[in-house]
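Annotated transmembrane segment per TrEMBL: 69-91, 146-166, 173-192, 198-227, 247-270, 282-305, 326-354, 366-387, 399-416, 422-447, 459-481, 487-505, in sequence order.
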């Protein structure tokens, strides 16, 4: 309120100064008194430090922040469990295996002693039993990849269109619409026992979840700006880092908890499958339950506050491409794609390897999933208070995430032909889950640090699409060569190295991106825009 009162007085004083100058010009036959003109200009310059405060909006309440966490809890599993795990399993149950499939598997794996149910599950997922009219054959995993890519192609023009409205007056409506469409495609997943129908099902869910990711990330950018203000001194940038990292890490932990619940429910329903029939009812229940959980996240709309800005000219058709003016943001997008590819390739290749090659007890798969999704609740919670002590930023934390992915993928590549024991699975899951959480939490922060005020939506759409594209390509690579873990882990190892190279040698900096975006000003720049040019009398009046 004090800032608004000061701005109002400055405006009145400036208007009076300009009017006085104009009156002197009229009364003085075309002459302008330089002292009055200079005085008005000085007062206008004195107003500049307060220009951004009107656009900040109300500081987010704890109720709003908890609502934002709730949506992450109800939504994170869509692209990490529902699409890459549940839907391939549903599609696989519609396929019929040859009568000699068990003998063929035993012939190719003479040293493995798996249960008949495991062999059926693995064979239905990996065998090319889906035949198209053109004569091509696909597996259930490959069919999911095709549908995923279709959803990405569908989401691209939608994201470009909504970028104007995300940065305008309809972010709540976009979140509600995307959630509703995604839930709609989750509900009838097992009603029609036709393989082809799953392409529009999955494509619709992927497109809706990508739009929802953009809206969710946009809201995070607005909350960070409201917590820290429009501009900070360079020495104060650590305040923005502390706020943004706390929000993103806690949300990631909440999302992992939701993914753990869905993965546990998926395992429970897998035990109810009938191997001798096209049983999709059990997994259809998982899809319905996932859709209902996602729908609960709409409560986030009730808790959020509308924060609109008129700083963007919506007549500009290049608004969705404004991110290409900021090199640091481009580097951040490259890191997001590479990290998503790396984590999904390791996860997909690892799960297929565990199911089809290790022949472990089925309950151990559940333990692996729980380790993978629950361990970040501990590791990320411990990491958050240490960030300020060790002075780590978004770029450095992503490098740490890539290094952990190098460790886990290198471990899997080197011991790909060995028989992993339960302890190996736990260690592998703990390391890789921490890497996944770090890369996800800090990848979006780097992009938002580079987004100018009023353009968070234009940057969020690119973040959402690049992340979904990385997950899709990673899933495809992880599932294209089932049984050969070195293929997926080797590819993930290479992309992790590429991610480190991009972040280290790409001249990418969160501080540099924030400076370019206008979130951070140099000390001298702040002082030059202050009221130093006013004399003591004018300063007292302001």
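Just so it is clear, glycine is given a Cβ too, placed from its N, Cα and C backbone atoms.
Just so you know, TrEMBL annotations are computer predictions that nobody has curated.
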(request) For the transmembrane segment (69-91), find every same-chain residue at least 6 residues outside the stretch whose CB is under 8 Å from a CB in it, and list them. (result) 121, 125, 130, 140-141, 143-144, 147-148, 175, 179, 182, 186, 189-190, 195, 198, 201-202, 205-206, 209, 212-213, 216, 250-252, 254-259, 261-263, 266, 270, 280, 283-284, 286-287, 290, 293-297, 299-300, 303, 344, 347-348, 351, 467-468, 471, 475, 479
(message) Ranking 146-166, 326-354, 366-387, 399-416, 422-447 by the number of C-beta pairs under 8 Å to the transmembrane segment (459-481), which range is first?
(response) 326-354
(message) Does the transmembrane segment (422-447) come close to the transmembrane segment (282-305), meaning at least 3 CB pairs under 8 Å for residues 6 or more apart?
(response) no
(message) Three or more CB pairs closer than 8 Å, sequence separation of 6 or more: does that hold for the transmembrane segment (422-447) against the transmembrane segment (146-166)?
(response) no
(request) Between the transmembrane segment (198-227) and the stretches 146-166, 247-270, 326-354, 366-387, 399-416, work out which stretch tops the count of Cβ pairs under 8 Å. (result) 146-166
(request) Considering only the recorded stretches 146-166, 247-270, 326-354, 399-416, state which has the highest number of Cβ pairs under 8 Å to the transmembrane segment (366-387). (result) 247-270
(request) Would you kindly list the residues that approach the transmembrane segment (146-166) from elsewhere in its chain, counting only those six or more residues past its ends and only Cβ-Cβ distances under 8 Å? (result) 83, 87, 138, 173-174, 198-207, 210-211, 214-215, 218, 312, 314, 319-320, 456-458, 460-461, 464-465, 468-469, 471-472, 475-476
